[in-house]
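According to Swiss-Prot, the protein carries these features:
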| type | residues | note |
| --- | --- | --- |
| BINDING | E196, D280, C384, N387 | Ca(2+) binding site |
| BINDING | H329, H333, H339 | Zn(2+) binding site |
| DISULFID | C304-C384 | disulfide bond |
| DISULFID | C344-C368 | disulfide bond |
| DISULFID | C346-C351 | disulfide bond |
| DOMAIN | 193-389 | domain 'Peptidase M12B' |
| SIGNAL | 1-20 | signal peptide |
Amino acid sequence: MIQVLLVTLCLAAFPYQGSSIILESGNVNDYEVVYPRKVTPVPKGAVQPKYEDAMQYELKVNGEPVVLHLERNKGLFSKDYSETHYSPDGRKITTYPPVEDHCYYHGRIQNDADSIASISACNGLKGHFKLQGEMYLIEPLELSDSEAHAVFKYENVEKEDEAPKICGVTQNWESYEPIKKASQLNLNYQYQRYVELVTVVDHGMYTKYNGDSDKIRQWVHQMVNTMKESYRYMYIDISLAGVEIWSNKDLIDVQPAARHTLDSFGEWRERDLLHRISHDNAQLLTSTDFDGPTIGLAYVGTMCDPKLSTGVVEDHSKINFLVAVTMAHEMGHNLGMRHDTGSCSCGGYSCIMSPVISDDSPKYFSNCSYIQCWDFIMKENPQCILNKPLRTDTVSTPVSGDELLEA
């Protein structure tokens, strides 16, 4: 008994290495078991909320102690954020849950100026962070010890499919000449634009996740949490206006032909979704395997158009941020961005608007994307992204459980 107790204490105090494990993110060849310790100070006598606005965790990565600083992503949800699903007889059910006390965070690693983090703290810590130039994933382990987490490098996750994955947008536009060079675009937060996004989840996704709507919503929330961080450097603020789950059946003809699905989705958005939810852009998340290597498709330079401010994204990976980057890529097309060429750069990393998803996880938009996005905004002046949406943390929200049933 004493020997068992000593072993347990040692495991709780020190991380240990594992050679191979199957996690939610996939098969991992090399991982580290860690026990993140929350060190956020709480004033004496104060009641500690479930999710603070700011938190700090100590953990060990590669045997070295690090401090993870997290701040709640307060602008993640729009004021009138809604969730819609469908009953077995096809009735539309819409709720307006209170989301100001949510569990999604951005952050950084202490003493690493180039570090970033996008973390869900809903059930343990789950997400990704960049440390000393390398991307790491963290997720809770399903052990009797609920504090145990796995930390592993992105490169140590076995690839689900070695075939290249691409965006279906082709370079068939007219010759493009930007109005300014990057050095001439001296933008600041006075130029900020605001995109309110609705993510629609098809019936195949509902089946793929075994009808677990909460798990689907958490998947989408974490995706948008990552997208918001990527767009922050572009002076584009992303907020989630709604999640709609086609829990009964698909409301459009979802096909492996991505262009057909995109056209169908855009038409449905114009005649249906826009009349129910105020938003600027809609993205369809589907379990359908698109033809060929395509994992996403969107119209170019169409933000604010009733039909064309849309994209379709295949749920192509168990790693959340890879699907999030794909959705950020497709929305980038809506904002006028083209695919990066060899002359484009984003600080030595793989860029979000690369036409091919590389093994080096994309993190940033390139200098080309920056110019193209703001060239589109300055020339076309899309009106719907000018207004700053009210945030859920600054206004009252409908009472939990408010529900609308529609025939």
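Indices start at 1 and increase along the chain as displayed.
Even glycines carry a Cβ here, placed using N, Cα and C.
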Please list, in sequence order, every residue of the chain apart from H329, H333, H339 whose Cβ lies within 8 Å of the Cβ centroid of the Zn(2+) site.
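Sorted by sequence, the hits are C167, V169, G296, A298, V300, E330, G332, M337, R338, I352, M353, P355.
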How many other Cβ atoms are found within 10 Å of the Cβ atom of D280 (Ca(2+) binding site), counting all protein chains shown?
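Neighbour count, Cβ to Cβ under the 10 Å cut-off: 25.
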For C351 (disulfide bond) and H339 (Zn(2+) binding site), determine the Cα separation and express it in whole Å.
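Rounded to the nearest whole number, the Cα-Cα distance is 10 Å.
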Around C351 (disulfide bond), how many other C-beta atoms are within 10 angstroms of its C-beta?
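Counting Cβ neighbours of C351 (disulfide bond) within 10 Å gives 22.
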From the recorded positions C304, H329, H339, pick the residue whose C-alpha lies nearest to the C-alpha of N387 (Ca(2+) binding site).
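Sorting the recorded positions by distance from N387 (Ca(2+) binding site), the top entry is C304.
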About how far apart, in whole Å, are the alpha carbons (Cα) of E196 (Ca(2+) binding site) and C304 (disulfide bond)?
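Approximately 10 Å lies between the Cα of E196 (Ca(2+) binding site) and that of C304 (disulfide bond).
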Quick one: of the recorded positions H339, C344, C346, which has its CA closest to the CA of C384 (Ca(2+) binding site)?
H339
